[in-house]
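Some notes on the structure that comes next.
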Amino acid sequence: MKRIHVMAAVIRNAAGQILIAKRPDDAHQGGLWEFPGGKLETDEDRATGLRRELLEELGISVTQARPLIDIRHDYPDKSVRLDVWLVTGFNGEAHGAEGQPVCWVAPSELGNYSFPAANAPIVQAAQLPERYLITPDMADEGALFAGLEQTLENGIRLVQLRQTQLAEREYRALTERVLARFGERFDWLLKGNEPPEYPGVGWHLTARQLHELGSHGLPPRSSTGWLAASCHNAEELSLAQQLGVDFVTLSPVLPTPSHPDAAGLGWEAAQALIGSINKPVYLLGGMSPERLSEAFDAGAQGIAGIRGLF
Ligand SMILES: Nc1nc2c([nH]c(=O)n2[C@@H]2O[C@H](COP(=O)(O)OP(=O)(O)OP(=O)(O)O)[C@@H](O)[C@H]2O)c(=O)[nH]1
Ligand SMILES: [Mg+2]
């Protein structure tokens, strides 16, 4: 089946809400909610196709957009490539120019709407931020907490508590103190052999855990937070996708101060690997905020970093 290239948009307004539209009952995947967009025409470039579709369907002129997530999905009757961009600037009042119902919803409410099966990773990408901080190992708890306060000021909201110098019991005790102090000001992910039991707190799997769980399946999770995994190659990305994680990190992209001799995947290989998985991917290894636009161009959700973001 020939794959249809579709341009679609996660449109975000100044209040942080996202626009969704209802597909006509008689259309493919009819009656479900969607991110506005449509088929790219022959010889049309991606940005032009996106602008044309949003003008036709919503009556808006896009002024600011960049790639968000690019996925391939095979329906029984149709194969699609959903090339989804994040639109953060536009002129005009968005309305259902083809008579379709549209509404602005908070990212956290997207889960209350029914989308086509292909859309699950798009919804996750719409809810996830551009930067994912992994805490550097710090023996000085005061300095760690001060760094986290600074992280909040820098606008970072997604954080993995990684403290490899600590034994399991100490890590648990630190987790309690961190959650007591910062609680819901961050979206947390924890490390460990069991899924965290704190409501809303996520779990970040190591590549080794991915391989182990690949044969046994995931343990039941009581937590409602994100499920993420560390990947380094095509095999691990594919395992992560099979296990149904919400997002992954892919590393190392560039040599890092801690591993100056490790070559890194490089941008080209990273881009090809991102294209092989239908999940939001954070690039890790030698990343800093100045690299964000390169990461978006490679198809990434954004960047993850230890020293580069702390
Ligand atoms: N626009 C859009 N299409 C989606 C989404 N999710 C998804 O599976 N699709 C599928 O991708 C294809 C998009 O085509 P479309 O129906 O929007 O195309 P279009 O605007 O050019 O419409 P037309 O075929 O009536 O000219 C459909 O098969 C649709 O089911 C989504 O979130 N937004
Ligand atoms: Mg359409």
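Numbers run from 1 along the shown chain.
Including glycine, each Cβ sits where the backbone N, Cα and C put it.
On a predicted model such as this, the values are computed, not experimentally measured, just so you know.
Now, the feature entries from TrEMBL:
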- 1-130: domain 'Nudix hydrolase' (DOMAIN)
- R23, H28, E34, F35, P36, G37, N119: 8-oxo-dGTP binding site (BINDING)
- G37, E57: Mg(2+) binding site (BINDING)
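Features recorded in TrEMBL, as mapped to the structure shown.
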residue: R23; record: 8-oxo-dGTP binding site; Cβ contacts under 8 Å, 6 or more apart: Q29, G30, G31, L32, W33, E34, Q100
residue: H28; record: 8-oxo-dGTP binding site; Cβ contacts under 8 Å, 6 or more apart: Y75, D77, K78
residue: F35; record: 8-oxo-dGTP binding site; Cβ contacts under 8 Å, 6 or more apart: A8, A9, V10, I11, L19, I20, A21, V84, N119, I122, A126
residue: P36; record: 8-oxo-dGTP binding site; Cβ contacts under 8 Å, 6 or more apart: A8, A9, I11, L19, I20, A21, E53, L54, E57, L58, V102
residue: G37; record: 8-oxo-dGTP binding site; Cβ contacts under 8 Å, 6 or more apart: V6, M7, A8, A9, L50, E53, L54, E57, V84
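The predicted model assigns the domain 'Nudix hydrolase' (1-130) a mean pLDDT of 97. Cβ atoms within 8 Å of the centroid of the Cβ atoms of R23, H28, E34, F35, P36, G37, N119 (the 8-oxo-dGTP site) belong to the same-chain residues V6, A8, A21, Q29, L32, W33, F115, P116, site residues excluded.
Under the DSSP three-state reduction, G37 (8-oxo-dGTP binding site) is assigned to strand. Under DSSP, E57 (Mg(2+) binding site) is assigned to a helix (H, G or I) in the three-state scheme.
Take the CB of E34 (8-oxo-dGTP binding site) and look out to 10 A: across all protein chains shown you find 23 other CB atoms. Residues H28, E34, F35, G37, N119, taken from the binding-site residues R23, H28, E34, F35, G37, N119, are distinguished by a CB atom under 6 angstroms from ligand 1. Here the binding-site residues are E57, N119, and the one ringed by the most other CB atoms within 10 angstroms is N119. Counted with DSSP, the domain 'Nudix hydrolase' (1-130) comes out as 30 helix, 53 strand, 47 coil.
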